[in-house]
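First comes the structure, then the notes that go with it.
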């Protein structure tokens, strides 16, 4: 393919930033004792050794070293099926703090691992086996049985090769009770005291700081359940399943695995929604520069909806209607999220600086344009219209009026050519000045073979920012799909658009039984899938970085 999917380094390198990863200064002596008991086999270079004034007492004074060894064994030998690595860890997840020990598999503490299907059912039985008192059961983390062999374990944790862990691997126990470092029973109160004295989990600001740098994560954060801690994974994050390892690692997104729940029934939908926003964070693989084709209209028919930009900041809906009602009955649509336009701005929020005016007839739009100041842009032949309006605190402000000529929604270069949807691409993030003819000209210059271009519109026949282009050959189609992102530069604007295969209602091409709403655009797949077939196909590591496409569920008028 002509473009590459690269991993966002900001999240993976967050541990190398200037932000203190862990508050381990008060625990330096603890880690030093642990390292001594383990034969100096750990790398403590990432642990702060500066003494702090707040640490007044040593929780380990008076305790024999043998009483601490089993706890250290538990903290180091985490189960490969531990579910806490699924989503965002809880503040009380003490095991996460051991990433400062530079263990190889904890370089990416939130990477996804295959879970043990029996993880949930074994929790209660493990408490019984270990003899944990009931009053401690809600204070200690629960782990599933390790299901990996010694070879796999050492491959995943090469830093543990020197440790005497054979008894742990053979016994399938969390604590190696038969080892030389085991000095007390699993139910001892020393364990509770030791864990309560440690503060080795990263703080909330540290975990959230890297996410606050990314607008996608901020948008996603608003979807979290406000009744729970922002660092608490959703309930389904700890559920088990053989298809839990989905889309980790190589992704153009800033590690969506941090916040999503793989087993959620709508995880694929969230991936598809994120892909629709990909133009904002990806580099263009093709660039087109030039003048847009000139426009010539004779008795144009306008959409009854117009864009009004640069309105006074203190304008009200009543003021807008009072200003424009002389041209005919109208309604006002304020900008909203996800393409929804409420009838009035939300209470407590300032207007966005632009609105949409919806008249009942295109004759009202004609009359409005006649009262506007017209600036003709050469050589495109595109006219800009400005209307002088006032508010209580602003006088004679020029607001831009952007109409839409309905004939600009479609362009056909060869009327006799049969349009094949299999050679059609979807183009998103279009600029408002691009009509169908200009889009066809740009795509033909880049890829060739364009026979049709269309602009998607709403119920008022006003463009919604996307379009379609049909080619007369598969070579041009595949070249456009592989390009994925194209930057368009004109004297008036610069815009990066996104190109994807045009999707239709289709049957799953894997099982041929269920509807296939999910499409994989990677060239190794390039087919429609139902939900179960998508999970089955992309549970393989080699295909796990593929991203789904879905048809936009918003209603639109496809001309």
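A Cβ is built for glycine as well, from the same backbone N, Cα and C atoms used for every other residue.
Annotated features, as they stand in Swiss-Prot:
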| type | residues | note |
| --- | --- | --- |
| REGION | 223-244 | region 'Disordered' |
| DOMAIN | 304-401 | domain 'RRM 1' |
| DOMAIN | 423-504 | domain 'RRM 2' |
| BINDING | 508, 511, 530, 533 | Zn(2+) 1 binding site |
| BINDING | 520, 525, 538, 546 | Zn(2+) 2 binding site |
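Fewest other C-beta atoms within 10 Å: among the binding-site residues 538, 546, that description fits 546. In the structure as shown, the Cβ atom of residue 530 (Zn(2+) 1 binding site) sits within 10 Å of 20 other Cβ atoms.
Taken residue by residue with DSSP, residue 533 (Zn(2+) 1 binding site) is part of a helix. Looking at the domain 'RRM 1' (304-401) alone, the prediction's average pLDDT is 84. Assigned with DSSP, the residues of the domain 'RRM 2' (423-504) fall into helix, strand and coil as follows: 23 helix, 35 strand, 24 coil. The Cα atom of residue 538 (Zn(2+) 2 binding site) lies nearest to that of 530, taking the binding-site residues 508, 511, 530 as the candidates. Neighbours of the Zn(2+) 1 site: apart from 508, 511, 530, 533, residues of the same chain with C-beta atoms within 8 angstroms of the site's C-beta centroid are 507, 509, 510, 512, 513, 514, 516, 528, 529, 531, 532, 534. Of the chain residues outside the Zn(2+) 2 site list 520, 525, 538, 546, 522, 524, 529, 534, 537, 543, 547, 548 have their Cβ within 8 Å of the site's Cβ mean position.
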